């Protein structure tokens, strides 16, 4: 009942978004995704302009995309601030694991330091996606040749960046999801809730 009342009060406190704001928000997310892909998965063409003059078109598109992205982000920021959505966002709680029996929560409660260290190490290991990003951005710095072999090298770098970045976000979400406060003893092992109830009855 308490959880239902809390959810009801939270839903009442939420400020509804207008249709125009929702459209601009979706457009901004789409443009930001394109800009994100362009920044991290597309090589810089600055070193190709001298050998391939038409590469300047890609450079111009890159600049236009960056300007549009910045403009949309600024517009959404001021619309959020004007309508008071930032206050509502600050009230929202971070997502936590809601499973009754969760091995990750059990490991966190039993070995809290090891749990934090393990996930931080995994996040730091996948952080070498920065290496792939750097190699992609400066792919044409030393060699401006464009052929099938070079494109296959670029594809392997892009695939490596996608995999490492996906792992980075996965482990980061897992770290945040299972790092919340765990009530009681229900997730210590597979029979945590049952064993706690039995020990309580025996005592």
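Note: Cβ is positioned from N, Cα and C throughout, glycine not excepted.
Annotated by Swiss-Prot as transmembrane segment, the relevant range among 60-80, 81-101 is 60-80. Within the set 136-156, 157-177, the record from Swiss-Prot flags 157-177 under the feature transmembrane segment.
For the transmembrane segment (157-177), the residues of the chain that approach it from at least six positions outside its boundaries are 40-41, 94-97, 104, 116, 119-120, 122-123, 126-129, 132-133, 135-136, 139, judged by C-beta separation under 8 angstroms.
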